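S.K.: Annotations per TrEMBL:
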type	residues	note
TRANSMEM	A:21-42	transmembrane segment
DOMAIN	A:21-244	domain 'MacB-like periplasmic core'
TRANSMEM	A:284-308	transmembrane segment
DOMAIN	A:288-400	domain 'ABC3 transporter permease C-terminal'
TRANSMEM	A:329-362	transmembrane segment
TRANSMEM	A:368-390	transmembrane segment
Amino acid sequence: MDFSETLQSASEALTLNKLRTALATLGVVIGIGAVIALISLGQSSQKAVEAQIQSLGSNLLTVMPGAQTSGGVRQAAGGATTLTYEDAKGILTSSQITTVQNVSAELSRRAQVTAGRNNTNTQILGVTPAYQEVRKINLSSGSFITQRDVDSLSKVAVLGPQVVTDLFGEGANPAGETIRINRMAFRVVGITTPKGGSGFLNQDDMVFVPLTTAQKQLFGVDYVGSISVEAKNEKVMNQARDEVGYFLLDRHKLSDPAQADFTIFSQEDVLGAASQVTGTFTALLSGIAAISLLVGGIGIMNIMFVTVTERTREIGLRKALGAKKKWVITQFLAESVILTSAGGILGMLLGAILSFVIAQFINLPFTISLSSVFLAVGVSGGIGILFGWYPAQKAANLSPIEALRYE
Amino acid sequence: MIKASHLSKIYRNDSVATVALDDVSFEIKKGEFVAIMGPSGSGKSTLMHIIGALDIPTSGTYLLDGEEVGKLSEDELADIRNRKIGFVFQAYNLLPRTTALKNIILPMVYAGIPKEEREKRAADLLEMVGLGDRLQSTSSQLSGGQQQRVAIARSLANNPSIILADEPTGNLATAQGEEIMEIFQELNEKGHTVIMITHESYIAEHARRIIHLKDGKVVEDNGNHKQRRVNHNN
């Protein structure tokens, strides 16, 4: 019995009972396919979450007013009125601040917007030209708010695509048209490209107007809602945060940082919170993958065990006819290897196809990691071979008389 | 050819010892046709296992072609079974879903006979047992009698010293049983040594010599009966 002879009799034995072979292969295919699909879907969604957070901009600081402590009571950030457009200009022009490349002051309120017979309630965002740079706003037509608009309190507006749809209908180009915000007429000068997002963060459902117009004409205030600070790069984030913080303390004539009437957030703070979420997410997915690996493994174990055990009589016969123990074991091992290899390859394909289809369906990036393939094929294949070999060597160790009597 | 002296076999199960064979001695010469007869529990199956090198005696010696089988390792026993014994079982024991040809080839694969030779020899053997037209039939496509004839052809694959048949007609109707006996008698006339285990005296009478076992002992061993011949109608 040489190697090719063993392989030949193993593959012959596999073709004899096609249903049994098909079922055993299917067990392996499902086991391996499910694990690969689950792991790669998990990794895809993790990537999607990370990419979304990254797209917010990783070198951005946000200064919110408030959060000063008075008499031990800490006020909610954003509730106060302590930041001004002058603060924003100061940050950009101060000689003490070396790490900041762009500053944008914003004031945001909800208001009723009408155009002809249509009207909508949306977010009005008073901005400076720097906003476009800092928040990476792209226009599908027209231009953004200019410095001249800000200086001269122009009544111009840039619309988000959702607002365009609400007021003028899908796909309309209302550049040059007039809209009314709180009954005040504004000329539409530009439309932003769709950015996605949802809820109060929906960047498509916004109307941009010059900051000064929003402050003085629309809402009658002299403060800003927040200041966005873009650092020169990610490495100087901490330095930028300190510089901006001390500059504002100085400007507000406060000596103790604990007295600060503003709060500075970085994207890293947001990322930190999010990475905690994705960490839990990853742990959950690893758990699911481990369980499916276990379930797949047990499935493979069962089918291999039953397949070989029901052939105990055959093993007895082969031994009675002169097969040596090691030949019997080698043949069954060869059968398990052929079966699990075939199942492994098909399982990999199934897993890849499955995760591709699902990723397409729920709109995730498709990734498949080599490590998940190795894990699935390694563990499931190992189990398949082990549980093909174990009952075979048990049966081969029986005396041929006992094995022949086996029912 | 076969020399058994003082064979004993004792099975120990949960400290209860069962004596299956008790001091059995006999000799079988080349070319004999021997039936080993006895009721169930007489030890005839145990004796068959020892003769067939499927098992070894607890004490006593069993010489097959001058070799002491009881002293051999498991792999050496497998080799003896492969080359020197041709088994015919009551339940035929053909590989399921496997063609008649491949069933006969199996022992030759284990003996390491080259591929072309074993296929030719298997076809010749099937021709000899009258199944030359059923080479590619699987066991489920064959009647019981035909399956047993395939099994006989398989037993001859490696040209063994002994054909050892364990209740070869036990699962067959009388007419089919007769056909099997006819083949054994023909093989015996060609010089093959045939040893057959049975509990039916009608079947045993087809042999030339009958060894009677009872309670693990040989109680009678003679060739005085008139051998029952199967009518050759060809």
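Note: Cβ is positioned from N, Cα and C throughout, glycine not excepted.
Caution: TrEMBL annotation is automatic and unverified by curators.
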S.K.: As a test: from A:284-308, A:329-362, A:368-390, pick the stretch that has the greatest number of Cβ pairs under 8 Å with the transmembrane segment (A:21-42).
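M.R.: The stretch with the most close Cβ contacts to the transmembrane segment (A:21-42) is A:329-362.
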S.K.: Would you kindly list the residues that approach the transmembrane segment (A:368-390) from elsewhere in its chain, counting only those six or more residues past its ends and only Cβ-Cβ distances under 8 Å?
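M.R.: Those are 28, 31-32, 35-36, 39-40, 43, 289, 293, 296-297, 300-301, 304-305, 307-308, 329, 332-333, 335-337, 339-341, 343-344, 347-348, 351-352, 355, in sequence order.
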S.K.: Averaged over the whole of the domain 'MacB-like periplasmic core' (A:21-244), what is the pLDDT?
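M.R.: A mean pLDDT of 84 is what the model gives the domain 'MacB-like periplasmic core' (A:21-244).
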